[in-house]
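Features reported for this protein in TrEMBL:
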- 25-258: domain 'G-protein coupled receptors family 1 profile' (DOMAIN)
- 13-34: transmembrane segment (TRANSMEM)
- 46-67: transmembrane segment (TRANSMEM)
- 79-102: transmembrane segment (TRANSMEM)
- 114-132: transmembrane segment (TRANSMEM)
- 144-165: transmembrane segment (TRANSMEM)
- 201-227: transmembrane segment (TRANSMEM)
- 239-260: transmembrane segment (TRANSMEM)
Amino acid sequence: MDDVDAVLMRASIPVHVVAGIAVVLNLLVVVVFARTKLLRIKYYGFVFNLILADIAYPAMLITFIHFRHVATVVALSRAFFLTAQLSILAVAVNRLLALSLMPPARYDAVVTPVRMVVACLLIWILSAVLFLPTTYLQDPTINWLIQALIPLFILIVTGVLYLVVFRKISMYTPPLASIGGVNNIHVDGQATTRVRQTRHLMVTFTIIFVASAVCWLPFCVGFIVLFTHGELTLSVVVFLRYSYAALLVNSALNPFIYFWRFREGREGFYRLLCACSSRWKHQTETDASTVAETEM
């Protein structure tokens with residue numbers, strides 16, 4: 001028994017390390033969002049929801065490892081399980097609406113900030129609805145199959161939707177400005193800007209989607225193996241622990257993708273660093289001055 005506990009403890013170390021890094025990095029992104037006005041718009045609504053998911057799930061997974069026999073902890077960890085994936089899926093749906101509802105004023109009238117917040121809340125509720133019932137299933141094999149198939153299904157649906165959005169972007173042709181008045185030219189300019197923004201956001205989230213698919217596959221494979229084997233074994237449990245770490249790598253990578261792809265986020269991060277550096281320099285000078293006056 002001591003050997004088994006030691007093996008599981010070693011397998012849990014990467015989970016703790018990567019989860020801690022993911023939480024810290026995503027909290028940093030939250031601070032940048034809070035300090036950057038240009039990021040507090042509905043265009044980044046599902047991005048912020050993904051950031052919150054990348055904080056909640058790693059924190060909950062650490063708790064789950066230590067309290068996996070507590071039903072509430074298991075239920076909450078499963079509730080947070082799919083929020084990140086559903087947020088990535090929601091980006092594709094949102095951008096498809098942005099391209100379909102033309103002129104842009106129609107999209108702005110339909111997708112309001114309040115409705116965006118409601119959609120984000122529904123993502124968390126849907127995640128809970130999909131996975132909370134599995135906590136009370138009597139047959140563990142069905143539970144294992146559900147935990148493998150639901151993420152795979154959402155990955156496939158997300159991939160298809162992303163292809164649809166990119167196809168719609170490639171087929172977009174702005175109307176000829178010469179046949180319209182000044183107002184039509186303005187509307188067409190808005191539509192072209194909307195398409196350009198959509199392309200940039202979709203490329204960004206395609207990178208996030210591919211990274212999430214790679215990081216999620218070991219987890220899904222582990223539960224498929226559990227389902228086919230029919231019982232828990234030490235080797236499979238250890239593999240699942242390492243697959244949790246792979247899941248969390250995705251949460252830790254996302255902040256780097258945000259700062260790489262979003263100019264506003266990058267500039268907000270630099271301003272935050274400069275502000276912290278200035279405060280540290282001012283505090284250092286104040287402390288040095290205090291020490292000098294004390295010595296005199």
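Glycine is no exception: its Cβ is also placed from the backbone N, Cα and C atoms.
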Check the transmembrane segment (239-260) against the transmembrane segment (46-67) for contact, please; criterion is three or more CB pairs under 8 Å, pairs 6 or more apart in sequence.
yes
Per the Cβ under 8 Å criterion, with at least 6 residues separating them from its ends, the transmembrane segment (46-67) contacts 12, 15-16, 18-20, 22-23, 26-27, 29-30, 33, 39, 73-74, 76-77, 80-81, 83-84, 87-88, 90-91, 94, 116, 119-120, 123, 208, 241, 244, 247-248, 250-251, 254-255, 258, 262
The transmembrane segment (79-102) touching the transmembrane segment (144-165) per 3+ Cβ pairs under 8 Å rule:
yes
Can you work out which residues elsewhere in the same chain, 6+ from the ends of the transmembrane segment (201-227), have a Cβ less than 8 Å from its Cβ atoms?
43, 50, 84-85, 88, 91-92, 95, 141, 144-145, 147-149, 151-152, 155, 158-159, 162, 165-166, 169, 236, 239-240, 242-244, 246-247, 249-250, 253-254, 257, 261-262
